[in-house]
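Chemist: Supplied in structure tokens, the structure appears directly below.
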Amino acid sequence: MKQDTAAKTMIISSCIFFGFALTMGILTALKFVVPTVGDIEYLSMPRLRMLHTNINLFGWLLQANMGILFWILPRILHTKLFSEKLGVAMGVLYNLTIIGGLVCIALGKVKNVEYGEIPPPFDYLVAVCWVMFLINVVGTVAIRKVKYLYVTVWYTLGAVIWTTFVYITGNMLSQMPVMAGSNQANLIWFYVHNAVGLIFTPLGVAIAYYLIPKQLDTPIYSHKLSMIGFWVISFVYVWTGAHHMLHGPSPHWLQTVSIIFSFSLIIPVMAVITNFFGTFATAPRGKRMLGPIPKLLMMGTVYYVFTCLQGPFQAIRSVNEITSKTDWVVGHAHMALFGAFSYYAMAGIYYVAPKLAGRKLYSEKMGDLHFWLMTLASIPFFAVLWIGGVIQGFAWLNPENTFVETLAALKHAHWMRFSTGAVIFGSYFLFFYNIMQTFFGKYSEDAEVEAETVAAE
Amino acid sequence: MKIDVEKSLLWTATGAFLLFAVGAALTTIVPPMVSPEMWKSDYPVHEYTEQEQRGIQIYLSEGCVYCHTQQIRHLDSDKRRYGWRLVDAPESESWEYVNDRINFLGTKRTGPDLARVGGKYSSEWHWAHFKDPRNMGEKFPNRKGVYEKVSIMPSFDYLTDEEIKDLTAYIQTLGRNKNWRVDKDGNPLNDYEK
């Protein structure tokens, strides 16, 4: 089988899923401002929300990350992918599984697991796909032709091992007949939090650890910081699930443990961030921000700083009293999964797609425009969710406000979320068009180079 | 023997797994052992009837949990807001949930918390509310048409009457494991059921 077929399949289908995910997101946002739109069963707000999160997590982000890593890993390890056939088989099975799972969600056949609504047998098939991915990753590392394992490889190995347990705990063990009540909730939140923390964080960071030095043509800033970041995160992250239940019906000691470890997360995050910014700072000044890839990597890192500073502080009891259960949380989750990790994934696709197609990116300028539109829209998008969340949190403190009054106070925030979200949605099409043209379009590279020289003169 | 972790697939993988396993075990397996109130109760807890279980399935597939939590947090503001006739709602405790095979504790409140909603409204009220929830709340004074209503809850008029009855039966059980809606002398105030 032709080399990199697996990477290509997964990257292209992930780009398509991304569009559906954003469509669901914009429809959900629209429902908050004009609730009568599409008032039918299959388009009710909770169904749209479940589709939005699941398409984003599994259809887009996880699939994009796996596709990019299928390309990156053989390059770092100076070898071929362990089994291209296994990779393609997994890609096909994975896409069919996700589509099946999404149909079930639309019909209302779901599990009570946030981020894991996909019901059996499809969630078991996701686990099967994951094991196939694991075999391919470990196999590729085993047949490597270099001695040392680079940071990207550590994070990928960590992610495939951790995720196997996290996914099984959250989706299968939590549904066992003996599980109920707050015990079940504890397992589910273990999954929900670690889905972000031990699936998307390590995969996203792995991609960034490869792309940043490669794109800037600069060695990574500090090897020691990479080690601190990796080993501390593998110990610290997993403890934090219970911080979703602060003040709630779960053991007080468990909440306190999760707060302590949530706060400790500042250590690995700062190590990673310092390393990324350090690499940017030491890169040649003139060209370090040319084109969409370094811009997306830089902005993704900035969002990563913000989201990872919010996290530890939100976990403090007094802060949590205001922010928890409000729109703030939605803003926080969007900045992690959209702001940080989707930006890394988009940078990865901009980097890998031309290599897969064997020619230059269709249009760097369009890539820049996509970046600026998305970034300038996403900043107010996140901000308005936090501001709305804080307003809501304080409004709830006063028992004089009826609940609907506290909701009415958010009308402007919800309009703002919809309109900025619409810009994000629009800029996605620039990204999609650019990537599809790079793969399938007919364009002559020379013409573009000529145009650039003319413009330069 | 000198071990160079960065050269070894085995050591990197084992190290990452072991460090993870410590936290994973201590936050998933150990809590129910140390705090048995997470899975067993010293007090009587309501067993769901068949009808109520059908209601739970509807609550699940309609995704009610994405806007309505089911937990009175240990905060004065929560207890006051979700109280009833100036009686504060007692906070939710682990043992109340031991029969919830499918828990709906939730993470987001776009609508009010439902942990203690059982018995607060009549079943007729719930029926009307599921049919047309936006019409039953407050209105913006200066707006017209669809923009007039403050509530943004979707209407569930596509559910059959039978399904709404099942769902209501489930909702009427919520938060009743603690007998909290009583007057000063401890007499029950559950007037809707009488």
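From the backbone N, Cα and C atoms, a Cβ is placed for every residue, glycine too.
Okay, so TrEMBL annotates it like this:
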- A:186-388: domain 'Cytochrome oxidase subunit I profile' (DOMAIN)
- A:12-34: transmembrane segment (TRANSMEM)
- A:54-74: transmembrane segment (TRANSMEM)
- A:86-110: transmembrane segment (TRANSMEM)
- A:122-141: transmembrane segment (TRANSMEM)
- A:148-168: transmembrane segment (TRANSMEM)
- A:188-212: transmembrane segment (TRANSMEM)
- A:224-246: transmembrane segment (TRANSMEM)
- A:258-281: transmembrane segment (TRANSMEM)
- A:293-313: transmembrane segment (TRANSMEM)
- A:333-353: transmembrane segment (TRANSMEM)
- A:373-395: transmembrane segment (TRANSMEM)
- A:415-435: transmembrane segment (TRANSMEM)
Chemist: Does the transmembrane segment (A:122-141) come near the transmembrane segment (A:293-313), with 3+ Cβ pairs under 8 Å (pairs 6 or more apart)?
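Modeler: No, the transmembrane segment (A:122-141) and the transmembrane segment (A:293-313) are not in contact.
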Chemist: Between the stretches A:12-34, A:258-281, A:293-313, A:373-395, A:415-435, which wins on the count of C-beta pairs under 8 angstroms to the transmembrane segment (A:224-246)?
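Modeler: Going through each listed stretch, the top one turns out to be A:258-281.
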Chemist: Which listed range (A:86-110, A:148-168, A:293-313, A:333-353) shows the maximal number of Cβ pairs under 8 Å with respect to the transmembrane segment (A:415-435)?
Modeler: A:333-353
